[in-house]
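Okay, structure first, notes after.
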């Protein structure tokens, strides 16, 4: 390791004095002007991680659903998964090291992680469409090259596409071809195979309106359009030609504000969906005949997908175990529907994709979606082998057809990460095969009315939680206050948790529709929990529930 060269290059990417950043679930995210040194150092770290794992590592420059002026970076581990927790700590230490200490910290990491510095390293890099992403991506490349790592720059790609590339490269092409063409071919072939029987019928031509959040999803859907045009007509809105990234549009806006995105003309009963800025989240929505807006979020997506998968397994006659993984934000109605109607086991984890992904790996078929629309389905190696074997061995035509469908579903999901394009194609295929309208899908169950709020605070760490973030541990008295409140309302539930990425505390509450609109939700969130949270976290001495 040439420490003199590293010091020389690092001086070209100086760290602003006193700036402290934390590598969280989404990597580093902040204002773009504060990230140049972080990008350079993450290039360095990616090389060390590649040497340690003897694998290709990914670096994605994006801030996902954040405003356009923000940016961020995250590393992708060998099988397309999130960076290992111990390396998140290394990332934080390296990013926050003062200029004169940085080479020493780099050496400390290589010693602690037992990195063989003689090992070759290969890094793949991608970026979103933010105005600052290209320059910041070059800073990553500077970090990679000064440590003599090899790299391939994919340029403009969605975040899930980069995860896919990493997975392909580290499975010697078994998962797929590590090119955009390979990605489009794999997904479109599975989609067309899955839907070919429905396309032969007299069904009306399938059309879907897509809000692309003025982000990378628009560019990639345009590239993919002709691969699936026989089965699906996609109309793109907020495609980046005008309007700012994620501004009044995109999955996060639609989910948070429970209203249509600007820039999309919606007619009654038309199927519409929204991606987020880096195309790793998707939510569906429509207007009914009375002009009322209906949101179909990650909970209902998980319900549609897991119900379909369970039906296929029953048709085949296989007893592969299927589990659905949710977070505390999942609407209580979705959990009850899955457990009581579909008889599918549901598990709750802490918020953050890495927690859901890890839990989903415990099943033959693990379905995970956050309510925000981020999710995918994981198939164990044993389950995948069994299903592919059954397509060849089964003689009964109905069972064989169901096994073939399941095989195509495996290929249609991006198992490396939640992927809006992949998930969209899966959803469209299921709706076709089950001949479901968007209204029928929405009617599977009725969401409990709910509210989500966030409170800006000086120190979010004052609040700690347990039981997958559903119960408050500290400060004392807060959980008891919540318990007293929710007892008053039917089917009600509420929780408070610190954000994993910013100094805010998040508050969630839901309650039965019969009482919700008398102000009970507002009472739970607004009149009671919020003052308590603010009072505790900013150090107010007078506590409300004493």
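Numbers run from 1 along the shown chain.
Positions of Cβ are set from backbone N, Cα and C atoms, glycine also.
Within the set 380-407, 408-435, 436-463, 464-491, the record from TrEMBL flags 380-407 under the feature coiled coil.
Residues 193-194, 309, 312-313, 315-318, 320, 361, 363-365, 433 of the same chain sit 6 or more residues outside the coiled coil (380-407) yet have a Cβ under 8 Å from a Cβ within it.
Within the model, the domain 'Phosphoacetylglucosamine mutase AMG1' (178-283) carries an average pLDDT of 92.
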